[in-house]
Amino acid sequence: MRLHEYQAKEVFAEAGLPTPDAELAESTDEVLAAAESIGYPVAVKAQVHVGGRGKAGGIELAESDDEAREAADSILGMDLKGYTVDRVLVEAAVDFVDELYVGVTMDRGEGKPVAMVSSEGGVNIEEVAEESPEAIAREHVDPAFGLHPYQARRAVYDAGVEDDVASDVAGVLSTLYDLWEDSDAEDTEVNPVMVTSDREVICADAVMNIDDDALFRHPDLAEMEEAAAEDDLEAKANEYGFDYVRLEGNVGIIGNGAGLVMTTLDLVDYYGGAPANFLDIGGGAKAERVANALDMVFSDENVDSVVFNIFGGITRGDEVAQGINDAIAQFDELPKPIVVRLAGTNAEEGMEILNTDALDVEETLEGAVQKAVEHAGGESR
Ligand code: GDP
Ligand code: MN
């Protein structure tokens, strides 16, 4: 789960990190009221899960009511790299002289968390990592001991951070590490940490990703999940307990097992189609689960056809087939064509009972995918 900036900032502030005064707003009036109570100048910042909001026009500074109104009108409702902005964070603007990067993530190559600091903050850190990796100071952490204070100081020193703010920046890094560990986070990151002309250190942005499989250990963070979900479908997937990722194509995909679903995505692409989603309904495919999966896929207005790729294992093929039949029985007419491929335990029994009046049934995965791609108006080779 990726938190929004405003949520991550709440968590960071709670942990003692310095963040600007801020209020969330959903309308121009709310932006004006927030700016009034915070005091000008303010920064108005789009709350969507995209990087580089600044460059894309999702962040504006305002020094007066007129400018705040203009900023609110232009950002609220705008399309930012495919996401509609319906909330902005109104924040005391920071008058900065320097922008740093501070973050903690998992270094899978090393099998250890890594704490990082760079003097080249404010910009796309992935670019910095690619073009001048030496500009990012790194300390690998033994999780048994945590980030030692000397390591935090060394990272800050190696990054060339100026002496008079070094200990404050090291403090930010240590807190980000503790949060990373305590919250089962995948990343905790501030880019930029701003240094003001008064030599104050302020966390001007905040990124926090939590490991979904550990969310049950953090009810306070899990509570933020609904508000963090970027669209209705993601919220629905959370509710149903599905692994779901929305993609940009028009062939809906449902399968039981992540590998099976990935293979289906690849084949849809191979046959000239474009997958609309990744959706793994997991083990057990009772009618309710299948119905929920269909509800998800049919709710995506981009979807023009659906392919079911089911492999009977412990869950038998005939049970899944029954689940599919029951789930589609609720429709007088299916909104979009469905192609089913069933293999594994009791596949034959399953194929026999599938309702072929309503469904296309294919023996092979290749055949099923090609048919779904054709239904969706794509090519197929
Ligand atoms: P991101 O581009 O989505 O990562 O959004 P950030 O919150 O990192 O902001 C991007 C850039 O906007 C910063 O690096 C600053 O240059 C600018 N910016 C953001 N907040 C402020 C602010 O309070 N004051 C000023 N002057 N600039 C800001
Ligand atoms: Mn940023």
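From the backbone N, Cα and C atoms, a Cβ is placed for every residue, glycine too.
These figures come from a predicted structure and were not determined experimentally.
Positions annotated as ATP binding site by TrEMBL: K45, G52, R53, G54, E91, V94, E99. According to TrEMBL, the feature Mg(2+) binding site maps to N191, D205. Sequence annotations record features per position, and here TrEMBL assigns substrate binding site to N256, G313, I314, T315. Annotation comment: TrEMBL describes 9-221 as domain 'ATP-grasp'.
Sequence features annotated in TrEMBL and their locations in the structure.
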{"residue": "K45", "record": "ATP binding site", "CB count, 10 Å": "25"}
{"residue": "R53", "record": "ATP binding site", "CB count, 10 Å": "20"}
{"residue": "E91", "record": "ATP binding site", "CB count, 10 Å": "24"}
{"residue": "V94", "record": "ATP binding site", "CB count, 10 Å": "19"}
{"residue": "E99", "record": "ATP binding site", "CB count, 10 Å": "19"}
{"residue": "N191", "record": "Mg(2+) binding site", "CB count, 10 Å": "23"}
{"residue": "D205", "record": "Mg(2+) binding site", "CB count, 10 Å": "23"}
{"residue": "N256", "record": "substrate binding site", "CB count, 10 Å": "25"}
{"residue": "I314", "record": "substrate binding site", "CB count, 10 Å": "9"}
{"residue": "T315", "record": "substrate binding site", "CB count, 10 Å": "22"}
Binding-site residues whose CB lies under 6 angstroms from ligand 2, from K45, G52, R53, N191, T315: N191
Sequence-ordered binding-site residues from D205, N256, I314 with Cβ under 6 Å of an atom of ligand 1: D205
Cα-proximity to N191 (Mg(2+) binding site), 10 Å cut-off, over binding-site residues R53, G54, E99, G313: E99
Candidate with the highest Cβ count within 10 Å, taken from the binding-site residues G52, G54, G313: G54
Distance [Cα-Cα, Å, rounded] between G54 (ATP binding site) and T315 (substrate binding site): 49
Distance, G52 (ATP binding site) to I314 (substrate binding site) (CA atoms, angstrom): 46
Residue pair K45 (ATP binding site), G313 (substrate binding site) - Cα distance, angstrom, rounded: 49
Length of the line joining the Cα atoms of E91 (ATP binding site) and D205 (Mg(2+) binding site), in Å: 11
Three-class DSSP secondary structure - D205 (Mg(2+) binding site): coil
Model confidence over the domain 'ATP-grasp' (9-221) (mean pLDDT, whole number): 96
